[in-house]
């Protein structure tokens, strides 16, 4: 009997055991890392809605809804709301029990004991729900301790090609189901695009995948609990950016430009999703084309800067003219006031007749006339000046009406904008002109929530243990996959010797980049006999496969600001160079920096000598940190994933002519002439919900293991009596 199937005292033991796992799992408690895991107690609140909601979320299932797959496997759910509610409670309860102790096999007997009446009244219904969750990898996956002794294996065999996350996940599940598996891996190591480099005493660095992308619902978190692996949170919010001269860019300016970048993103989404403008003259728009149009509109503002400077000069000139005229009018008023005073004085003297001297009277009359003339002239001048003032004020008003926008970007601002474009190209795995405007982010709604984490022991520490007790043959380069009426024949070479193995079905988990070479007829990739269906070949050709490279620099000690795990660098170049060392990642608690090469720079780096790339990275670091930066690293590693014959790149993306349906087409198994599925496919490029990720690859392996098992040994969750007695039947 499992330790699951017990009551309160055992729950306390479970709590202690989970706390121990959590403590081992990270310097920062795993409960602090996981959104939804405020504490492990949340999963222990018996029959509490929050505990069940959390369990469903950790399994990527809606707590209060039945999925399409569940409706297909349980047709009776269409009959009544009561049946749906019963199903959801039992399903969520089973998930809760699994997540409480995911390092120990959950049995259907455990579930019976934990289900309170009346939920346990229909034992067959409970068994079917349990079998469904087990078959499709929602429970009992990864590296857990078996409670039930394995029953005798069925006489079915599966060849798994590839020992990466997808291949090992599938092989382990199939073996658990009692099916014989054989894993063929071309490399002399496990992991595929997960490649952890280790060198004693403390150098651990990932050359491939290195980030656990989201913690809520991520099966990597379950693996970490099973294997007691350490995590650290990737703090990306505070990422300083340095200009080409090594000066830190003012944070305020960086934020302004980042906001402008997000406005461009939002505008592109509005154009493609709200207005549904995705084509021009029958041509599917790429992300770059849309961004260029939007950015060019903003660059028009940049070109208006000269106009604005001219405007300001004119504006200042008109203001000065108005001021001068107003000053003149003030002076004229003062003059008029003085003239009026003098005139009144002379006129008063004339009226009083102070002097009868005719000569003096004539002189006074002349003075009065002169003053009156001066007054008339001054009034005329005042009116003329006032008219000019009105004209200038009208001109000022017109200038204000035509005032150029005060929003613009200098060249240096555009280079900072390029940093954000490079970061988007990093997430896409390719240049923006290769990405579909409409579908590039089709999986965003499925993005896992919670912290992004790095694995202290390296990502390989999560995946490599899955190969324990599996028959994995390294160094086996598959040359051909042939489907027949009775099964499959896989020919491979090992150390120059060719051999052929036979099985009922084959699971192909080679990367999309290798499949592209296969359908192109390249001799360095596995060939399918007969060729894959035309629709599948077109999907392979159309779905994009990108590239991303790293320059890993090992030092004696940390010379950068250890408070920042990431810092950016702005390239003084163009679109093709903006991804050159645009970002440096500091490995947690190690004197190691990883320089990222994204977009066009990733492809360019494949053709450059590694020494040149290291020198370039060191030059940038010297500009930033000055004399604190050593002349050269203790050790360096340069990746070239596109040149890797067993990868041919990093991960998939949707090209302008593609859509999310391509992932579904690539996931579809291929039938033989007999009508039975013989060749199955897994990998991140077959997971529409979670593409371009390790967890997506892993989940695709669980998916195909379930699909293969359904075909080979029957469906234990079926409402009908299965044709084949399954391992769980008693």
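Including glycine, each Cβ sits where the backbone N, Cα and C put it.
Its Cβ taken as reference, residue 193 (FAD binding site) is surrounded by 24 other Cβ atoms within 10 Å in the chains shown. Among the features that TrEMBL reports, FAD binding site is placed at 187, 193, 684.
Summarising model confidence by region, the domain 'SWIRM' (52-150) averages a pLDDT of 95. For 52-150, the entry in TrEMBL reads domain 'SWIRM'.
Among the binding-site residues 187, 684, the residue whose Cβ has the fewest other Cβ atoms within 10 Å is 187. DSSP places the residues of the domain 'SWIRM' (52-150) in helix, strand and coil in these numbers: 57 helix, 2 strand, 40 coil. Residues 187, 193, 684 are the ones the record ties to FAD, and the longest Cα gap between any two of them is 19 Å. Residue 684 (FAD binding site) carries a helical DSSP state (H, G or I).
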